[in-house]
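What TrEMBL records for 18-86 is domain 'TSEN34 N-terminal'. Annotated domain 'tRNA intron endonuclease catalytic' per TrEMBL: 200-279, in sequence order. Here TrEMBL flags TYR228, HIS236, LYS269 as active site.
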Amino acid sequence: MDGIESKQAQDSTNMNRIIVSYLNGRGLIFDAEDYLKLRFEHRIVGNLIGVPTSHPRNVNQQGLPAVLSGYELKLLLQREVVQLVDRQKSLLTEPSEVNVQLYRTMVERQKQELQMPAIEKRLEAFRKHLPRIVEGKRRKLLKSGFKEEDINISGEQLLEEERKRISQEKFDAMVQIPLKHPLPLDFSAASLHLSPEEEVKYVVFERLWNRGGFITTGDAFGCDFLLYPGDPMYFHASHMVHVLKRGTSQRLDVNYLVRVCRLAVVVNKLCVLAYVDELTNEVHFETIEWEGNTNKADNF
């Protein structure tokens, strides 16, 4: 009985976790609400790689899906925030007739929803000219030999006839393809594997995350991590973090120190060297700055 209750509790916990699709070695978030929850509640930014649906031609703005780094994934998995799943087999399987029909129904509903604003806009223009249309029809009937008392033209009837006529017309419409799969899919649990070098970087990443602020990968700036005092949407990065892979046993030459320090000066950030003590497994941080440039920010 205890085993059954334990399994039910575990299933309930998994249902509350955010689903992350593990495809080709990358964790992907397709649902907007899930991504916003990770960003605002857990300070996990990821990397948006898609095209925003509201600005599809804007090359300076990205949209869903979001890719999570291995460090972000491991942190979220350890805190039981996400569930890593593999849907590749289901995605490669030919859909059943039921699912095909469900999808077609969904597309047709989208088309109808897109037509409604266009229909209402044309009806609004028709209502504006309705008195003139009614008067024109009345004059036309009088010229045809109808008597005044026999003419009964209803504006509401004309409006309804116009609505039916417009609804039968074909409209050019862009149907949005959903990022999140619109139909239920079978999936299997996926596991995350980090290399020994990535494991060292994860220890540093977790320590930094526990200290607050936002952390992103620093590939674009030639470092391992970038630190932000707040959401990167509103703040610039303040620190560049370089992780020493071999910890205290790694020797640093002058060229390396000059290179990373000058790079930080050029992009107006502080340079931080991070390493893990092999004996105590503690993370240590050292901030280095170019002489004469120490007044722009506090040490890490």
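The backbone N, Cα and C atoms fix where each Cβ goes, glycine too.
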Near HIS236 (active site), how many other Cβ atoms are within 10 Å of its Cβ?
12
Could you give me three numbers for the domain 'TSEN34 N-terminal' (18-86), the DSSP helix, strand and coil residue counts?
20 helix, 26 strand, 23 coil
